Amino acid sequence: MYCSHYFTSILLGHLLIKPIIAITFPSLPSFPSIKDEIFPGFDTNGYQVPRIQLTYVHGVPTLPFSIGTPPQQFVGIFDTSSPVSWVMSEKCNSTACKAVSSSQKYHPEASSTNFKFPLRVDISYLDGSHVQLKPELDAVTFDGKFTIPRHLVAEAYQVDYPKGYLAPANARLGMGDFGSIDWSKTKYNFDISDVAPIPNPFSGVFRSKRASGDTRYSVGAASSGSSGFRKRGPLIDSVLSSSFFILGVDKSFYKGPVYELPLIPLMGFRSPFWKIPVTGFQFLDMNATYQSNPQFSFPSGAYGKIDSSSPVLTVPSATADKMNSALGAVYNANLNVYTIPCSFYETAPWLTIQFGIGVKAHIPPSQYIYKFEGANGGCYTAIAGGSDSQNVYLGGPFFRSFYLIFHYSGFNVGIAESVSNESGRLTVDTNGGGPVPKILN
């Protein structure tokens with residue numbers, strides 16, 4: 001994306017050495033940029049900020065959206081770790097795609113606003129999924145009325161899931177890791193059919209220009225009613241029915257101050273979105289049940305990446321063993337989880353995430369103890385071991401516990417306590433002598 005002119009020259013050079021092809025090409029836009037990846041805010045003219053309900057499947061948020069003109073409807077994973085929004089292509093023949101009907105796949109030729117790039121890219125995800133994509137530009141619409149006319153989307157022509165994986169949805173809405181793909185190093189596989197038949201979509205086809213104002217979106221849970229909302233037991237999908245993706249900021253979803261969590265520095269194609277410096281985790285006893293508050297520190301330079309597509313918190317494997325042992329959880333090799341008595345969700349300590357700026361995010365045990373699906377019952381912790389020896393992935397327990405404001409142009413994430421009864425708590429460390437966290441408007 002930073003090498004658009006360079007890459008366009010490669011493309012033109014490739015065409016010039018093929019003079020036997022007598023064809024006129026439409027003028028190409030610049031190659032994908034960060035601006036094509038992010039979702040801009042919407043001017044609501046004083047009306048309620050647009051919100052789209054998130055539906056949790058296997059602990060992962062999903063939502064409906066559409067691509068193209070006329071719109072083709074899909075349901076995808078709301079993914080703060082994916083730089084590209086993608087849907088299965090009608091031409092995808094991998095095993096995962098064969099199980100999906102044609103009506104749930106993307107038909108780009110049916111969209112008058114589709115524009116293909118002569119590029120291909122591979123992306124692998126924390127859950128073990130792998131996709132091969134063709135990036136394109138097309139209109140993306142939410143709730144049938146909020147349209148982004150020029151957005152980076154992709155056709156997935158190969159989708160591979162790990163053995164035993166139950167996909168929450170067969171598409172993804174890319175909401176983070178922007179700028180992480182060096183398009184000049186993606187697989188270059190020019191195909192005349194990818195470009196020539198498609199009319200130039202920037203000749204007045206789009207209804208309006210891409211918004212250039214507020215670059216914030218947010219997620220949070222609405223008020224969950226009575227204080228006994230979760231008295232019936234540990235977390236399951238059915239109790240997560242009041243979470244929303246908000247195309248802007250809605251003050252009715254949070255209480256108290258919004259603290260700014262700066263992102264890690266921008267370095268080349270290592271995207272800072274949405275990676276926040278962290279110093280450690282700690283269990284904080286709110287019930288005087290445990291004898292101590294064990295601390296798990298991370299090395300200097302460690303960060304926590306907000307990953308909404310993961311239902312768990314992923315930490316280095318050795319740290320996961322220590323944290324679960326401190327809770328009294330036991331590793332089950334057959335299930336690859338740490339099991340724990342379901343009654344512990346009432347007595348277990350709160351989990352504290354210590355951010356580098358001095359903000360501490362406290363997560364209640366009801367958010368990190370899960371109940372097995374099915375009739376057999378039983379519970380397990382949402383603290384898993386990963387292959388990264390330094391950094392952590394802030395999945396479901398963190399993502400659900402707070403109101404989060406993702407600010408692209410500000411290079412920060414705003415965090416506030418949610419109005420939901422399942423909200424975590426926020427405190428500020430004033431004894432460390434470090435910088436004072438900034439409170440956002």
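Glycine too: its Cβ is placed from the backbone N, Cα and C atoms.
Database features, via TrEMBL:
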type	residues	note
SIGNAL	1-22	signal peptide
DOMAIN	61-416	domain 'Peptidase A1'
ACT_SITE	Asp79	active site
ACT_SITE	Asp307	active site
DISULFID	Cys342-Cys379	disulfide bond
Between Cys379 (disulfide bond) and Asp307 (active site), how far is it from one CA atom to the other, in Å? 22
Could you tell me the C-alpha distance between Asp307 (active site) and Asp79 (active site) in angstrom, no decimals? 7
Calculate the distance in Å between the alpha carbons (Cα) of Asp79 (active site) and Cys342 (disulfide bond), and round it to a whole number. 29
Model confidence over the domain 'Peptidase A1' (61-416), as mean pLDDT, sits at 86
Specify the secondary structure state of Asp307 (active site) as given by DSSP, simplified to three classes. coil
Neighbour count, 10 Å Cβ-Cβ cut-off, for Cys379 (disulfide bond): what number do you get? 21
